[in-house]
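Report on one structure; see the data block that follows.
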Ligand SMILES: [Zn+2]
């Protein structure tokens, strides 16, 4: 797959920065500022044996599976603690075994496998009902279904090991940016591949790149955004000169993982092909930084004005960036019962960061302050100013976007519009505390007059 020379240059530079970072990061001590402090309220772990709701924000523990430790082996490896502890190895092994069992069960029942594929081809798929091994197994199914395992000659074991390693390198203590989020982004991309019939326009390798970028795009996210990294002068902000430090870190961890022979799912590609694939994966992950949202949207708009062509590599790359961005902020395409949980989790992550910033004497953004935030109002603004324009732009290449995808988004818009009419700052925050023992949040209405939709900060996401 070729790329335009300017893009090649940029992506080569990005890859250089990432590989430099992988080496550099090996020297930096376990991120004092990147870790959740001990007295910080902990989000529910995504592990069945760790249970426990967060008392402060009351985000329900959904189901979860195996207890994993806070930092994965790659994190330890990159931070100078080479090797896995027994508990980490045990956690990875337990997950691998569970995945094997799940896949074997499907392998013996073709009808069941087809039913599962139908499930994950729908935006209505309920991620909150799945255990970890199911999420990993579903991604394996996607790879099989799209012919990726055949075309790239990836063995079942290698794919499983790589996915388990990826899962282990998401931090379970993080409210929003955890493996379940990465799965949702990937599953939405898989849905889009079918819904928009992307296989007609892209090669299997290009589809693989899209899925891999989704799976890896938030690896080792600490639950503290780029603004925090900059304000607190964290190691990541210094390492990447405040230029998308988190996104560069996600890339660094992704390629650190792929550098292991038994995890390198691209191991059968020629070196030049691998280099090109890496460049594009990095470009796509970097594109998820919302601070460059307008830039990416403008670039795509320009390609549309020129007359979009799948044959022009720079056009295709611009489209792929839009696709991953859409998937990254696509929760509102899902049914409300599923998406509402994500809204609460995102705000919980913000509030948790704000608490930490106060403790550290750092300035706190208004949109992160629990007492000032109007969740429904902010979500409405986010839908109107960010999500809808992004999907509408995608619809200029794929008119199918205007079907059920935009319909769902408009339903969400209506829901939050109604809710925002009744809202005063506390609305959803109060709801979170009234949440029942598990996952879903019930939105409580308050008798409050209409409030004006506030501006949506580009720093808001994701
Ligand atoms: Zn994300």
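In case you wondered, yes, glycine gets a Cβ from its N, Cα and C as well.
Those TrEMBL annotations? Automatic predictions, nothing curated.
The compositional bias 'Basic and acidic residues' annotation in TrEMBL covers 43-55.
TrEMBL lists 98-423 with the feature domain 'PDEase'.
Among the features that TrEMBL reports, active site, proton donor is placed at 177. The secondary structure of residue 177 (active site, proton donor), as reduced to three states from DSSP, is coil rather than helix or strand. Every protein chain considered, the tally of other Cβ atoms within 10 Å of the Cβ of residue 177 (active site, proton donor) stands at 25.
According to TrEMBL, the feature Zn(2+) 1 binding site maps to 181, 217, 218, 328.
Under the heading Zn(2+) 2 binding site, TrEMBL lists 218. The number of other Cβ atoms within 10 Å of the Cβ belonging to residue 218 (Zn(2+) 1 binding site), over all protein chains shown, comes to 26.
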Whole-number mean of pLDDT values that fall within the domain 'PDEase' (98-423): 95
Pairwise CA distance, residue 218 (Zn(2+) 1 binding site) versus residue 177 (active site, proton donor), rounded so that it is a whole Å: 7
Inter-residue C-alpha distance, residue 217 (Zn(2+) 1 binding site) and residue 177 (active site, proton donor) (nearest angstrom): 10
Which of 181, 217, all binding-site residues, has a Cβ with the fewest other Cβ atoms inside 10 Å: 181
Residue 328 (Zn(2+) 1 binding site) in three-state DSSP notation: helix
